[in-house]
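J.: Got a structure for you, questions after.
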Amino acid sequence: MASTAVARRRARRVVPRPALAAAAVAAVGVALIPLVYLAVRVGDAGWARISEELFTARTGELAARSVALAGVVTTACTALGVASAFLVTRTDLPARRLFGVLAALPLAVPSYVAAFAWASTVEGFEGFWAAALVLTLVSYPYVFLPVAAALASADPAQEEVARSLGSGPWRTFITVTLRQVQPAVGAGALLVALYVLSDFGAVSVLRTDVLTRAIFTSISLGFDRTGALVLATVLVALTVLIVSGEQLTRRRAARYARLGGAGRPPVLLRLGSLRWPAAFGLVGTVALTLGIPAASLARWFGEGVSRPGTLTGLATAAGNRSPSPPPVRA
């Protein structure tokens, strides 16, 4: 406790509070610039023009599909992320540390790259459910990472009390452990929902009409950008609603969270006969998230290199051309 207090005092000396406040105000100001621009442009359009674009069947359909996609992906990512985090941190799963590293690697794969890899591998892979699958595979680490950290630092005392009262391991996990890490689950789910609402690459490659794709189409093809401004306003409103709902849920769940209370590690749950099936399940997840994009990239690279002149073109583009021979003098 004394060392922690000393560290806090040193941190306060290094970074003065006015500097932090100024940096925070500057960051908020920069973040508000697009919103202010959007509000000004929408206000200039007038209510009559806005209502023509807002109260249409197409706008409602785009908003509903965007919310549905965010809901499906967030639900799937929550289930996959919580299950993976529990297996990696609280069970005797083989190669737990390796799986912990592999589970975070999908964050390095852009959504449009994963979407293009799947579309080039599976014929006819497009539409709502294709986009939901790809976005789930690339964004579930947003849930896995905070939940794994929360499980690693959660106080095991409450779980031990529940087991001493006759509660089984799975019931203890559902009734006690999940409540402790519920704020982390909510934070990860919020990141996933916001990521899905803002994604353009995957939905564009997989031809899924949502708000972001419609906004881009309206800007790139139309002379009147009022429609794009209205759709962007709807997207911002949905984002505000999701963030507000997450904040309300976090306040209710914070009373159950108790992290870092004890300095001893929790007792690992023995999976028994489920040990290897669980490991193979995580292997399958890694294969879907990393294997297909990697295999597609390798195939594209091989096909490109096998074409005549490809290596010469790459060398030329990189500025590594071999010097031309000197002219022969007569």
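Cβ from N, Cα, C; glycine included.
Below are the features I grabbed from TrEMBL:
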TRANSMEM  20-42  transmembrane segment
TRANSMEM  62-87  transmembrane segment
DOMAIN    63-244  domain 'ABC transmembrane type-1'
TRANSMEM  99-121  transmembrane segment
TRANSMEM  127-154  transmembrane segment
TRANSMEM  184-206  transmembrane segment
TRANSMEM  226-245  transmembrane segment
TRANSMEM  278-301  transmembrane segment
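So where do these features actually land, and what's packed around them?
T.: Using a Cβ-Cβ cut-off under 8 Å and counting only residues 6 or more beyond its ends in the same chain, the transmembrane segment (20-42) has close neighbours at 50, 225, 229-230, 232-233, 236.
Remote same-chain residues near the transmembrane segment (62-87) are listed as 93, 96, 99, 103, 128, 131-132, 135-136, 139-144, 147-148, 151, 173, 177-178, 181, 185, 188-189, 192-193, 196-197, 203, 208-212, 214, 231, 234-235, 238, 242, 278, 282, 285 (criterion: CB distance under 8 Å, separation of at least six residues from the stretch ends).
Non-local neighbours of the transmembrane segment (99-121) in the same chain are 84, 87-89, 93, 130-131, 133-135, 137-142, 144-145, 148, 199, 201-202, 204-206, 279, 282, 285-286, 289-290, 292-293, 295-297, 300; each lies 6+ residues outside the stretch with a CB under 8 Å from one of its CB atoms.
Counting residues 6+ beyond its ends, the transmembrane segment (226-245) has Cβ neighbours under 8 Å at 35, 38, 41-42, 45, 49-50, 53-54, 59, 62-63, 66-67, 70, 190, 193-194, 197-198, 211-212, 214-215, 218-219 in the same chain.
Long-range contacts of the transmembrane segment (278-301) within the same chain: residues 80, 84, 87, 91, 93-95, 99, 102-103, 105-106, 109, 113-114, 116-118, 120-121, 137-138, 140, 271, each at least 6 residues beyond the stretch ends and with a Cβ under 8 Å from a Cβ of the stretch.
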